[in-house]
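Student: Take this structure, written in structure tokens, and hold onto it; I'll ask about it next.
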Amino acid sequence: MSVRESFNPESYELDKSFRLTRFAELKGTGCKVPQDVLQKLLESLQENHFQEDEQFLGAVMPRLGIGMDTCVIPLRHGGLSLVQTTDYIYPIVDDPYMMGRIACANVLSDLYAMGVTECDNMLMLLGVSNKLTDRERDKVMPLIIQGFKDAAEEAGTSVTGGQTVLNPWVVLGGVATTVCQPNEFIMPDNAVPGDVLVLTKPLGTQVAVAVHQWLDIPEKWNKIKLVVTQEDVELAYQEAMMNMARLNRTAAGLMHTFNAHAATDITGFGILGHAQNLAKQQRNEVSFVIHNLPVLAKMAAVSKACGNMFGLMHGSCPETSGGLLICLPREQAARFCAEIKSPKYGEGHQAWIIGIVEKGNRTARIIDKPRIIEVAPQVASQNVNPTPGATS
């Protein structure tokens, strides 16, 4: 996917001050309920979950549900399983078309975390802000829908329905569904001591989009202008937007090639939160230890200049449509990282070995002084495509 021109509201006959991100007070997957609160809220759903499964198919086929990236439900016939996920987010970038692509990629990412590469069907869930003027609604929402549709088509699937409602905030999400044979998905519970942890997208998207908005807020920009330039911020923002819109489909396919033992995608709970959640699901007594944090260039410095208000160094900074965190056999991990960069997968993208799986008590932690890997922006060397539907 090529870099796009910056979204210009006036090209769509909108006021130049229009910002999509102003139609929600929370950003991206920063809307997630905290993990500990979520677990308490879902306790009543979990009580009878596995009892029903045992009555249905016993332990013949794997089942996954409450609290994980997707649900895996054994079907009554044919040895098949239904794999399904739903997700939604609030606007995190001001380009409506890219926001649609990001929302779609974010939904699909939960399937990809299971090693599923084919999605049979998608539904789109839209909340149209009742604070939008008629003109804003009629110009912006079709761009969002087109972005969502284009990302679905890139994933080899289609949008066949959904639900659209009025809401105080703009809400973007969907449902992704597929029917799989057991060898088409990878249960996220087989990590063993000696595995390594691989991450397929850099961290820091939430920081990048936040500081990009600070360019228009002098009192906030003044706090960080000594550690980052406006050009640095623009590049980080473009890189974050492209990363969020990029599908994790290639990584999902390579999970099979290189014998992945478990995976999750990194979104609203931050890398540590999702690593902890994945560690809890393991059948073996293991723990995850993270030594390296790949971060969008200059965003670690920005985070430190802000007193680490984003939680980036602690692993609690939310990501939107982040990468996959994959447990791979040590001997396979370097080959995975080399393969995902191959031009045969389009532009080719980096992945990083960030930690290890060791014998433990199903916890995850980041070491006291993790190595920060500054990830240079790829967008600087790419062609710029015009925004679709804009008038000159």
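Glycine is no exception: its Cβ is also placed from the backbone N, Cα and C atoms.
Sharing the features that Swiss-Prot gives for it:
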ACT_SITE  CYS31  active site
BINDING   LYS32, GLY67, MET68, ASP69, ASP87, ASP110, GLY161, GLY162, GLN163, THR164  ATP binding site
SITE      LYS32  site 'Important for catalytic activity'
BINDING   ASP69, ASP110, ASP265  Mg(2+) binding site
Student: Could you say whether, by DSSP, ASP110 (Mg(2+) binding site) belongs to a helix, a strand or a coil region?
Tutor: helix
Student: In whole Å, how far is ASP110 (Mg(2+) binding site) from GLY161 (ATP binding site) when you measure between their Cα atoms?
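Tutor: One finds 19 Å between the Cα atoms of these residues.
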Student: For GLN163 (ATP binding site) and ASP110 (Mg(2+) binding site), determine the Cα separation and express it in whole Å.
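Tutor: About 20 Å separates the two Cα atoms.
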Student: Helix, strand or coil by DSSP: which one applies to ASP87 (ATP binding site)?
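Tutor: In three-state terms, ASP87 (ATP binding site) counts as strand.
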Student: Can you grab the distance from ASP110 (Mg(2+) binding site) over to ASP87 (ATP binding site)? Cα atoms, rounded to a whole Å.
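Tutor: Pair distance, Cα basis, whole Å: 9 Å.
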